[in-house]
Amino acid sequence: MTDEGPGMCWCLRRCGRNTEDLLLPDGEEVTLGRGLGVTYQLKPTLCPLMISRTHCLFKQNTGGEWTVTDNKSLNGVWRNKERLEPHKAYTLSEGALIQLGVPPPNMESAEFEYMLVREHLEKLSGSLIRPLPDKTKATRTKRKFTSEDTDASGNEGPSNFSIPKFYRVSREDEDSAKSSHTTDLYKQPTVEPTASGTESRLNDSVEAEVVAPTQQQCRSTLQLSRVRQTMEEIRRLNVQMQEKQMEMQEKLNSPLENQVGANSVLAVQKELRALHNHLSNEQEQHMQSVKELKEIFEEEQQSMGSRKQVEEEHLKEQLAQALQEHTQLMQELNRSKNDFEQIIEAKNKELQETKEEKEKVFAQKEEVLNHMNDVLDNELQCIICSEHFIEAVTLNCAHSFCSYCIKSWKKRKEECPICRQEIVTETRSLVLDNCIDSMVDKLSPEMKNRRAALILERKEMVQAEESNPVLVVSDSSSFLSDTFYISSSSSDSDELGNDFWMRSEEEEYEETLFGCGTDELDSSDFESDDDEEEDSFLII
């Protein structure tokens, strides 16, 4: 980072409102702070204590690069937004951002921010800041006490105030004091108790009435710093007055007091009066500063109270508005609730009506089904098998029977079982079959299954009769008493002893074969037209 061209130099350029350049001479150590023993003195305006007395220092390393070191400052040093550790050197590159302290409240950037730049010295001539002179940077020497001062302080005993840093009268003035004016000196008012009492009262007033300000209250902070300065000045003047009195006491007690001239005594008295007047002025100024600080504090309290009152009013307005919105919302919810209750009530009423209608329809359906069952049982039932017509057949006399039942009946009689009219024609009644099927479809599943089983059983019986014919052997003279049925296969029709069964009662034969009682079929139906007693054989 050494200069490459003539006239080029390194400097710290301030960022923000004020454009200032701090020159960094090669090979020299540059210090920044608010104290007197620094290269460039920084005077903060927003917060006086933001910058330390010796805040940081800049110097070049062996490679010619500039480095920055935090001198254990209170508010720190930042390089490119990163805080540096105290007493540790950090190298800087061109364009590096150096921040001293932290940003004050309600501000985004710190008051002192610098950027390391490299420019021609001619361009920087108008914005360069002059460093402090060497005499201000020199350290102050400590005051040396003579043997007489040491003895005097030892004779007087311990004092509550420190004596260094204050002016003392010369030895010539001490020798010019005269004993003839001792009474005049004793008539002078004593300043020590007055000054110390005033100082104690001022300290009490400051501690009782002044509250330590925060960094947000910059005005009160500045005023408080002035108050502290005046208090220091009052202490210094008070110590000077005490020293003068101690010197006068020494002069009075010395053996050379008779040799003191009147002029020197008057000079000392004049100096004491001047110090007393100066102290009085400082006290008045201090009281005025305390009064101003109190007024500032009261103004801040009033402003805070007014802001608090405004905030409370604003919060009350927001609360009232929120309550109003809540009330409106509750009203809307109540209206919606009432509407929903009305809708639910209407739906319940509609549901009840629908339920009643369904019950009525179901009752009507039950009534229709019962009527259909009555019709099926009374009008569409075969008189032979007492079941609903299966393949209904209508005779010439208009009576209807099952096809299987009438065929079985015709094997014994060729006349209608109801009206005894001769059977001439048989007609299939598809209308009855379709009507019965439609009505059965609307009945219970048990009825449907029962009818399907009957139809299947009838088909099996027809197929069995077609495959195995039955031979009926009967005696015409004794048919009503004894009847024999012998069944055999078609291949061996002459043998009649394989499978047979016998029934003795005529009623049982009629119920088994035709499904009707003897009240409808009498014994005359089975009498033969032939009067001769002979055996007859019927093969089915």
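Each Cβ is built from the backbone N, Cα and C atoms, and glycine gets one as well.
Feature annotation from Swiss-Prot assigns compositional bias 'Polar residues' to 152-162 (among others).
For 179-200 (among others), the entry in Swiss-Prot reads compositional bias 'Polar residues'.
The feature compositional bias 'Acidic residues' is assigned by Swiss-Prot to 519-540.
Restricting the average to the domain 'FHA' (30-84) gives a pLDDT of 91. Taken from Swiss-Prot, the feature domain 'FHA' covers 30-84.
Sequence annotations record features per position, and here Swiss-Prot assigns region 'Disordered' to 128-205 (among others).
For 517-540 (among others), the entry in Swiss-Prot reads region 'Disordered'.
Per Swiss-Prot, zinc finger is recorded for 382-420, and the stated evidence type is sequence analysis.
Helix first, then strand, then coil: DSSP counts for the domain 'FHA' (30-84) stand at 0 helix, 21 strand, 34 coil. The residues of the zinc finger (382-420), classed with DSSP into helix (H, G, I), strand (E, B) and coil, number 8 helix, 9 strand, 22 coil.
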